[in-house]
Structure formats: C-alpha cells, structure tokens
C-alpha cells in the first residue's frame, strides 16, 4: 500500500528490462507520482531561503563595509554576466540576444571614453545614450505594471507578458545605472576637471560646460549654475547628479542642492523606480548564490 502525503497532480510510469545473474531478464517498473506541495514543505523551503538570504545579506554588508570597491565591482560583474549566461542555460536565446546587443552598444561607448585624448563630445553623447536607455526602461516598467494589474483585475489576459516586460525593463535599467556610475568618474578624470583631491587640474572657462567641454553659445540648450558658481548644460548636470548619483560638483566637489535642479517628469518618480532597481539588484545576486549552492550539493551527492 502506498500512502501519499498530498493530492496527486500527475503520474509517470517507466518500465526497464535488465539482465540479472545467469542472464535472467529482470523487469523493473517505476511509478513517479507528483503531489501538490503541502504547507509544511512550502514553509520548509521558505525557511531555507530566508536563512540563505540572511547569510547573503550579512556577508555582502561586511564585505561592502571593509572593502567597498571590490564588493562594488564584484556585484557589477554578477549583474552583467550572470543573467545572460543563465539565459543560455535555460535556452532563452531572445534575452541573450538582447543582452549581447546591449553589451555591444555599451562597449562601443566604453571604447570612446577610454580613448586618449577623449573627444569633447563623448561625455555628453554617453550621457544621452544612458538617458535614453534609462527612459526606455522606465516606460517598459510602466507598461509591465499596466499589463500585470490589468491581468489581476481580469481586464487583460497578459500576465506572463507583463511580468517578462517588467523584469527585462528593470534589469536593463539597473545595469544602465550601475554602468553610468562607474563611467561618470572616468569621464570626469579624463577631461581633467576632477581629481581625488577635489581640485580642478586645468583652468575652467565661464562659457564652457565643465562636463561635456562644449561652449554654451554653440548649443541652444538650457544651462544651470550651481551654488558654487560653476555652470553646466542642464542635461549634463542632471546626468551627473541623478543618473550617476553624485552629490557634489564635478569641478570643486562642493555639495549640490538637488532641489535647485529642474526635474523631468520621469525623474519625479525616480524614488519608486530606484527602489525596484535595488530590490532586483539584491535578487539577482541572491539567485546566483542559490544556483551555486544547489550545484555544489548536487556535485557532492
């Protein structure tokens, strides 16, 4: 008699024939019955995941506290490499193609940034690229929310598509934020307007944007002057402060008053968007840890 602990969901039957001692055929019948997960098994899995999450958070918090730079670049590498590699493992080639196209686009910008001498237009063009990527991700998040909420209220039947669009949009928005955070300082150092001591390394002109090194008179874009007296194109200083999360002037490192910088419509909702990005950031790294631990236990067995 077979006693099941849960309601049966599916059943598979396998029959194999093997040779026993003296060439006697042995018939083996294997029946695999899949049952619904019980509350106790669900709680057990959730408990294990909670312990893993607590351990993971503790390790990375201590790592970030004692060696912030290595922790930052490790997480950055995980965010960039783990999702596309995992997509190959699960045979999701569409997502891998998106990641490959995105990486080629970013590497082209990185090549221009690292080129010496760096052309004056590179920082500005790089910011415009990431601004477009970030804005596109934001639109994707809104569309994903609409599809998910519409499916929950039975208005639409596109729950799966909504979750996919939401996850992909958040991922590329997160990756764009991490990359621009690294590249922003490289751009400033290569231009010579920022040093670790906080003092400019070359003379600044009042009629030149200190970030993109472009004359204000050559463009019709609006400019913004900080409290310290340094002037920038409005798009340039927004990229430095909002996208790159910098709280200081790129010239003199004096603290910037964010309220004095005009905010775009999508930036007014950035607090909620950044919260989702931070959640996804931790989730991706946590998934990698779970995958590594699972593979370790399987190999050990």
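Any Cβ shown, glycine's included, is placed from N, Cα and C.
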TrEMBL annotation (transmembrane segment) - matching range among 252-274, 275-297: 275-297
The annotated transmembrane segment range in TrEMBL, which must be one of 158-175, 176-193: 158-175
Range annotated as transmembrane segment in TrEMBL, from 6-26, 132-152: 132-152
For the transmembrane segment (93-111), sequence-distant contacts whose Cβ falls under 8 Å of one of its Cβ atoms, 6 or more beyond its ends: 80, 83-84, 87, 122, 125-126, 129, 168, 172, 175, 179, 183
Distant-in-sequence neighbours of the transmembrane segment (70-87), which means Cβ under 8 A and at least six residues beyond its ends: 60, 63-64, 93, 95-96, 99-100, 103, 171, 174-175, 178-179, 182, 281, 284-285, 287-288, 291
For the domain 'RING-type' (209-253), mean pLDDT (0 to 100): 76
